[in-house]
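All remarks here apply to the structure that follows.
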Amino acid sequence: MLSRLLRDDKLLEVFFSSLDMKKSYLLALSGGSDSLFLLYLLKSRGVAFTAVHVDHGWRESSYREAEELKIRCEEEGIPILIDHVPPEYRTSRDPENAARRYRYTLFHKVCKEQNLAGIFLAHHANDQAETVLKRLLEGASLSNLKGMSPKTSYEDIPLFRPLLHIPKQIIINVLDAENVPCVQDITNTDERYLRARMRKKIFPWLEEIFGKNITQPLLTLAQDSEELSCYMKQQAEPFLENMRKENTTWSIEIPQVLIEQVFLTKWVCKEFFFRAGVVASRHFLQTVYDHLQRKLPAQMRLRDKRVIIKAGVVMIE
């Protein structure tokens, strides 16, 4: 079944055709269905990689499971490193994020030490839908609902997520058909964590209320957001070419033709502030736009900077 999936999945084909097969990579291997699926996928495509498993110590059985993973990888001829999260990370105020930071720091370190060209992560379509819904409910802007990208980076190391379009159920079906045993991580269903509550309660409740699957509409929204973001970057760049820096003062001209386009004006201002080294909130951008639109001069504080608005000009110093 795995070979049939490879043959029929055009997005996977495009992804692997662009991958530098002369290099070696790192696979973040939890031992769950998603990362095991990715392990066999990479192996079937002839990708050279080292698996890295991080034992978080959240379950009594986790040490034994790590050893079983090591044996499985050795039987498959796959190099594997096992690491254990120090106890202080498990007792922090936010153990989930603390463990995540530990993992990524470790992955980065291993990549540097072994000259690995990137990190493979097994996030799938359901993970993507959760990310989009979470960002939507947190009030993210339209252009920030795009979710995770198939190719990003952590510091200077590329991150690859080739499974973002594949639903969790397909992954499970393939592994069941191949009789591949997986680790069942109980933290994935522990309702102390937001992601677990989303999987166990929020998504099932929404699908029951709407009477249909909501994963695909959220993935479509993420794609629309990605396309909007790309379009806005193209539209904004000619105006951002007007940015100037003199000593410690940044400035940009905001012509009337731009002010007539509300969304684009706020996008240009947001990017201007970002390139000048500060992040502007949605409320702050609206205030800046209101002054530009009404031609009202103003001075405001943004973090430790002073923002000056004059006729058709925004400055930050």
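Cβ coordinates come from backbone N, Cα and C, glycine included.
When Cβ atoms from all protein chains are considered, those within 10 Å of G32 (ATP binding site) total 15, not counting its own. The ATP binding site annotation in Swiss-Prot covers S30, G31, G32, S33, D34, S35.
In three-state terms derived from DSSP, D34 (ATP binding site) belongs to a helical segment.
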